[in-house]
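Beneath this line is the structure, given in structure tokens, with notes to follow.
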Amino acid sequence: MEAAVAAPRPRLLLLVLAAAAAAAAALLPGATALQCFCHLCTKDNFTCVTDGLCFVSVTETTDKVIHNSMCIAEIDLIPRDRPFVCAPSSKTGSVTTTYCCNQDHCNKIELPTTVKSSPGLGPVELAAVIAGPVCFVCISLMLMVYICHNRTVIHHRVPNEEDPSLDRPFISEGTTLKDLIYDMTTSGSGSGLPLLVQRTIARTIVLQESIGKGRFGEVWRGKWRGEEVAVKIFSSREERSWFREAEIYQTVMLRHENILGFIAADNKDNGTWTQLWLVSDYHEHGSLFDYLNRYTVTVEGMIKLALSTASGLAHLHMEIVGTQGKPAIAHRDLKSKNILVKKNGTCCIADLGLAVRHDSATDTIDIAPNHRVGTKRYMAPEVLDDSINMKHFESFKRADIYAMGLVFWEIARRCSIGGIHEDYQLPYYDLVPSDPSVEEMRKVVCEQKLRPNIPNRWQSCEALRVMAKIMRECWYANGAARLTALRIKKTLSQLSQQEGIKM
């Protein structure tokens, strides 16, 4: 009888071990599909499915509490053993509590909050409130004296050397920016590198030298793992400009060989001030304005500069329909200073901070209230006389075409044939002051209907004759009569084939 009872024990032990193994496997993210509570998934009965973890958070500010429940994909669990997304965080004025779990609907819970009503101020607290500002003023004065004494006013934190350990967990050794961009364009969403990768790159860049200043900030040449990059640094006052430009650059399917290659955006806070960074490809020739000031160009060089500019603008203006589509974009500040010259003699369009996107589904334009923006010298007639139709997206594209015609004029003047060329000049240099007002430009362009002078010598060269014809058709007072960027691109492509030019 005892032998009969003892016989099943090994079988029972095996069943227990199997159950334990199954339970352990269930704890690993990605082991099986999880069903999680999702407060935004109204069409799916507030349920989402993931191969990672369920997530719930509560963010507390001084005046409200925000609850968030959703799925976290396994690919976003970085690092895998202690994901950043599952860690609590705190910022000035807010505290976020998070919880990650791996059971079906395990995130359908209410996390405890810590915000409590503050009691009335007692004598000690009242004294602290009064003494606090006084102490702050004293400390500030002492700090100013210290800074003046040492004569060191630091505007940018420039590390002496890179610390590769900072990016090792996320970006493997030997990985280049070209590798990261290629991976992003072939397997990603097409809207830019993941934010964590962008931040990792930005925080391991070594600034080398300041190479220019613009309307919203300063541009530096920097290095990341030996590769040169351009870093546009905005002050904290220009946060909206920084955010807008980063947002436009990360538009799905925007990447193009004739649009400046965006790499990363990051905000760097050292406790005293905040710097807002935009990291992009570095082009040693600088802007087209600088390039034309320094060099003349051949017929081939002129066609390359013009065709690549037209190709970039045509890509901006084009809407790509589909799940990985791209909205049509108008630049609104096209000029030679916002076009960069690449090492191979072609151009890429930069400075998209004033650009607007068109949503064809709703026929709306995301535009700031102030529509008279950009550089006055390059403003189209309809912008100068305030007759532009702000609700019609084609109006903005036509204004870009007018500006590109002026850029082509700048390029063609520097085309040297038989040693003959014109000095570099800005459009309307002989008609308006160096910094013209809107009224001065309106008088010349709209009332007198003047346009930049086209030299007679251009008629003796087929390439310059074609360029002159394109310019005139870009400068029509009636925007609807102007050429499109795609038409200009095709005309210049035919010209390059006739001249035997390989792009």
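Any Cβ shown, glycine's included, is placed from N, Cα and C.
Recorded disulfide link (Swiss-Prot): Cys54 to Cys36, out of the candidates Cys36, Cys71, Cys86. Looking at Lys43, Lys268, Lys335, Lys489, Swiss-Prot tags one of them with ubiquitin cross-link, and that residue is Lys268. In Swiss-Prot, the annotation phosphoserine falls on Ser191, out of Ser191, Ser235, Ser336, Ser493. Ranked by CA distance from Cys71 (disulfide bond), the recorded positions Cys36, Cys86, Cys100, Cys106, Asp333 have Cys36 at the top as the closest.
A Cα-Cα distance of 5 Å separates Cys54 (disulfide bond) from Cys101 (disulfide bond). In this structure, Cys106 (disulfide bond) belongs to neither helix nor strand by DSSP; it is coil. Highest Cβ count within 10 Å among the disulfide-bonded residues Cys54, Cys71, Cys100, Cys101: Cys54. Here Cys38 (disulfide bond) is compared against the recorded positions Cys86, Cys100, Cys106, Lys268, Lys391, and the shortest C-alpha distance is to Cys106. Around Cys36 (disulfide bond), the C-beta neighbours below 8 angstroms that are at least 6 residues distant in the chain are Thr47, Cys48, Val49, Thr50, Cys54, Phe55, Ser69, Met70, Cys71, Asp104, His105, Cys106, Asn107. Taken residue by residue with DSSP, Cys54 (disulfide bond) is part of a strand.
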